[in-house]
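Features as listed in TrEMBL:
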BINDING   His187  heme b binding site
BINDING   Thr188, Asp239, Thr242, Asp247  Ca(2+) 2 binding site
DISULFID  Cys29-Cys109  disulfide bond
DISULFID  Cys62-Cys67  disulfide bond
DISULFID  Cys115-Cys316  disulfide bond
DISULFID  Cys194-Cys226  disulfide bond
DOMAIN    19-320  domain 'Plant heme peroxidase family profile'
Amino acid sequence: MLLSAPLCFAHKSSGGGGYLYPQFYDRSCPKAKEIIKSIVAKAVAKEARMAASLLRLHFHDCFVKGCDASILLDSSGSIISEKGSIPNQNSVRGFQVIDEIKSALEKACPSTVSCADIMAIVARDSTVISGGPSWEVPLGRRDSTGASLSGSNNNIPAPNNTFQTILTKFKLKGLDIVDLVALSGSHTIGDARCTTFRQRLYNQSGNGLADFTLDQSYASQLRARCPRSGGDQNLFFLDFVTPTKFDNSYFKNLLASKGLLNSDQVLVTKNQQSMGLVKQYAENMELFFQQFAKSMLKMGNISPLTGSRGEIRKNCRKINS
């Protein structure tokens, strides 16, 4: 099922002049989208989990300094990489896929397509390949010449954050409660490590008791492979029903008290409005797909660098010297 969000696709960027629009590379690099799509398709065919990893990379980038590919930079000179932050360390992945895409684009049209735009297109393609909605990606972002380790540590919502903390982090980026619930729906694909939800199984509130909002039979299944100590990196499906298919099972799981992360389940247990949205999306996949596309467009427009700001990196991992 492919749905396009009914939006005007030219987005005025905040500051720096310039618009983002889907046709940005139509003349300068006409095969860009085709090249990106084929490499993403190959990567996901090789490993289904990669779709979620690539989608998450865009999310973790946009929440720090805006959608400027700062997350891709390795440490060097004055740059301290965001890859070492608490949310990203041993967690974010897919960098080699972005590298492969960048390398192919540099051959086709040197110094033309930004790493930030690559990530925005890749997030859309990963969603579509997994069975989710499509949308036209506004383009014209440029790449940052710096990173923010502190921004990465502080701005990205964490699995054990309270509902209010997560909502505040979204609001600081211009996203609202509807965006929060819709974008959380990306957890319909992908995996999480034992270490991200262990406290729910053994010590949710610091009293040595499991999280009472977690279905008990599901909790005991999880304990089998996520012990009190050890197994930190063991992987678990975020949506155990259809783990590699982009659909609305995630929301149905939440209503059955089978959300894996605390940050998933609080959408139902801590706020009436978010619970109402979860129910709507659980009942109506088309509605979820439409809102997901709209919210991805909104997220992709967080503080992009346009015009003369930033640069077009030749290598996504380092700034042009």
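We number each residue from 1, going along the chain as drawn.
Glycine is no exception: its Cβ is also placed from the backbone N, Cα and C atoms.
Not measured: the values here are computed from a predicted model.
Sequence-distant neighbours of Cys109 (disulfide bond) (same chain, 6+ residues apart, CB-CB distance under 8 A): Tyr25, Ser28, Cys29, Ala32. A distance of 28 Å separates the Cα atom of Asp247 (Ca(2+) 2 binding site) from that of Cys115 (disulfide bond).
In the structure as shown, the Cβ atom of Cys115 (disulfide bond) sits within 10 Å of 30 other Cβ atoms. A distance of 16 Å separates the Cα atom of Cys226 (disulfide bond) from that of Asp239 (Ca(2+) 2 binding site). Within the same chain, residues at least six positions away from Cys316 (disulfide bond) with a Cβ under 8 Å of its Cβ are Ala69, Leu72, Phe95, Ile98, Asp99, Lys102, Cys115, Ile118, Asp143. Note: the CA-CA distance between Thr242 (Ca(2+) 2 binding site) and the residue listed as 'heme b binding site' rounds to 11 Å. Of the recorded residues, Thr188 (Ca(2+) 2 binding site) and Cys67 (disulfide bond) place their C-alpha atoms 23 Å from one another. The Ca(2+) 2 site is set by Thr188, Asp239, Thr242, Asp247; from the centre of their CB atoms, other residues of the chain with a CB within 8 Å are Ile189, Val241, Pro243, Lys245, Phe246, Asn248, Ser249, Tyr250. Between the CA atoms of Asp239 (Ca(2+) 2 binding site) and the residue listed as 'heme b binding site' there is a gap of 7 Å.
By a simple count of nearby Cβ atoms, those within 10 Å, the most crowded of the disulfide-bonded residues Cys29, Cys67, Cys194 is Cys67.
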